[in-house]
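Participant: Annotations per Swiss-Prot:
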BINDING   Asp130, Leu131, Thr132, Arg157, Gln173, Asp177, Arg326, Tyr330, Tyr331  L-histidine binding site
DOMAIN    3-59  domain 'WHEP-TRS'
MOD_RES   Ala2  N-acetylalanine
MOD_RES   Ser66  phosphoserine
MOD_RES   Ser356  phosphoserine
Amino acid sequence: MAERAALEELVKLQGERVRGLKQQKASAELIEEEVAKLLKLKAQLGPDESKQKFVLKTPKGTRDYSPRQMAVREKVFDVIIRCFKRHGAEVIDTPVFELKETLMGKYGEDSKLIYDLKDQGGELLSLRYDLTVPFARYLAMNKLTNIKRYHIAKVYRRDNPAMTRGRYREFYQCDFDIAGNFDPMIPDAECLKIMCEILSSLQIGDFLVKVNDRRILDGMFAICGVSDSKFRTICSSVDKLDKVSWEEVKNEMVGEKGLAPEVADRIGDYVQQHGGVSLVEQLLQDPKLSQNKQALEGLGDLKLLFEYLTLFGIDDKISFDLSLARGLDYYTGVIYEAVLLQTPAQAGEEPLGVGSVAAGGRYDGLVGMFDPKGRKVPCVGLSIGVERIFSIVEQRLEALEEKIRTTETQVLVASAQKKLLEERLKLVSELWDAGIKAELLYKKNPKLLNQLQYCEEAGIPLVAIIGEQELKDGVIKLRSVTSREEVDVRREDLVEEIKRRTGQPLCIC
């Protein structure tokens, strides 16, 4: 390293000598001789390997977002936040990293995907895996027993994501949760209603919400002959049924997880069933499942849930699916997952799911894990998979070649003649002070045509044009970019006229 630094210094000095000789207009022979020395030194130096090897890119599983992409995101977030607020939720925020012990033991087999951090102070830290566990920690720390909250923030998972399908290592989650002791299934039904409202409002296609109950799963495993120690690992296998065939799931359970083939077959008889409230009624009459206390409680709650979903008018969007397992360890009751459906090729075929876009469930024991006295706070919630939704919306807009505005500018302050920069600056300041979203070009004497073209490219609807005659008459020429219609507006009336044309309230109360 020291030798390289010395050579670099010699190259620098020789380069300065060559430049000096050229400025002094020295003889061509002398300059040529010194240039040869410079080239020889550069050859000795060789290429800078550190610069050659460095590739400018974002880390694996992350990406930058262009103004166009961010405009799409803001619209999606706006739909989600308005829905959360409509249902009476407060907003909170928590640190992006937590103590490692806060996160460990909460995610089952997915714990291996948690990002660990190195901290000079000696604390063992991890990036948050989701927003649910930090929320439970927040409740326990603040001794809260009743809250309805939403939280939109980034989470981190150390897996191998398929970025083309909207899966990343760093991504946003939009969570809504209800904490507190309430009568059964009322908060759960509201969470499902919120999920359906958001997915319908976003207009991303037909969807289906699968529901199940962790107690039904555990009861089913018990009567099929699965040992308690294997409940969670078998659960994670069953959860793959939406992606792979039953045969593949069975092979994993038998070959990799040591389950007896006859036990796997008994599980298969159950987990391949799905339907509505009629399936709940059918299973309540099942001679084996109905004898299991846990399963019976879960089925009873699901029957009640379907009653409330019918009252909310969303029962046609819900399917009771015994294969839904949700791999996270902290779920204790009802679980659900929304999937987008792609239209079947042939009439009469089953709709085909093309990806999960929202999920959630009940987790009554999670807060108690953090409370010193183990006090439980029942919770139920949902999480919207916005990255998947962003990908779908972006693809749709690209296919339609639809133009998206990336700014909210309402008016461009323009000039028709030269030497009117001061007047433009005064006017744009007046508009900003009045709450108008306004811009001007950063040139002293821009051409009017260039100013109008900028408006068309940026989607700015109005142009306020200042000219020498307008200044004498005390008016501003207001031009519609799309219709090209121009009207003279008195300067004192300009703010109200812009607000009227752009649909902005005339006063801020």
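Heads up, the Cβ atoms here are built off N, Cα and C, so glycines get one too.
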Participant: Rank aside, I only need the closest one: which of the binding-site residues Asp130, Arg326, Tyr331 has its C-alpha nearest to that of Ser356 (phosphoserine)?
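Facilitator: The smallest Cα gap between Ser356 (phosphoserine) and any of the binding-site residues is with Arg326.
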Participant: Quick one: Cα separation, Tyr331 (L-histidine binding site) versus Ser66 (phosphoserine), in Å?
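Facilitator: Here the two Cα atoms are 37 Å apart.
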Participant: In which DSSP state, out of helix, strand and coil, do we find Gln173 (L-histidine binding site)?
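Facilitator: Reduced to three states, the DSSP call for Gln173 (L-histidine binding site) is strand.
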Participant: Quick check for the class: what is the C-alpha distance, in angstrom and rounded, between the residue listed as 'N-acetylalanine' and Asp130 (L-histidine binding site)?
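Facilitator: Counting only the Cα atoms, the answer is 48 Å.
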Participant: Let me know the model's mean pLDDT on the domain 'WHEP-TRS' (3-59).
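Facilitator: That region's mean pLDDT is 83.
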Participant: I'd like the Cβ neighbour count for Ser356 (phosphoserine), meaning other Cβ atoms within 10 Å of its Cβ, all protein chains included.
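Facilitator: Result for Ser356 (phosphoserine): 16 other Cβ atoms within 10 Å.
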Participant: Just to be sure I understand the packing, how many Cβ atoms besides its own are within 10 Å of the Cβ of Asp130 (L-histidine binding site)?
Facilitator: 19
Participant: Only counting partners 6 or more residues apart, tell me which same-chain residues put their Cβ under 8 Å from the Cβ of Arg326 (L-histidine binding site).
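Facilitator: Within the chain, Arg326 (L-histidine binding site) has Cβ neighbours under 8 Å at Asn212, Arg214, Asp239, Ile335, Glu337, Ala359, Gly361.
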Participant: Can you grab the distance from Thr132 (L-histidine binding site) over to Ser66 (phosphoserine)? Cα atoms, rounded to a whole Å.
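Facilitator: Checking the Cα atoms of Thr132 (L-histidine binding site) and Ser66 (phosphoserine) gives a distance of 29 Å.
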Participant: How many Å lie between the Cα of Ser66 (phosphoserine) and the Cα of Gln173 (L-histidine binding site)?
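Facilitator: Cα to Cα, Ser66 (phosphoserine) and Gln173 (L-histidine binding site) are separated by 20 Å.
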Participant: When DSSP is mapped onto helix/strand/coil, what comes out for Tyr331 (L-histidine binding site)?
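Facilitator: Where Tyr331 (L-histidine binding site) sits, the three-state DSSP reduction gives coil.
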Participant: Going by DSSP, give the three-state secondary structure for Arg326 (L-histidine binding site).
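Facilitator: SS state of Arg326 (L-histidine binding site) = coil.
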Participant: What are the DSSP helix, strand and coil residue counts for the domain 'WHEP-TRS' (3-59)?
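Facilitator: Here the numbers are 44 helix, 0 strand, 13 coil.
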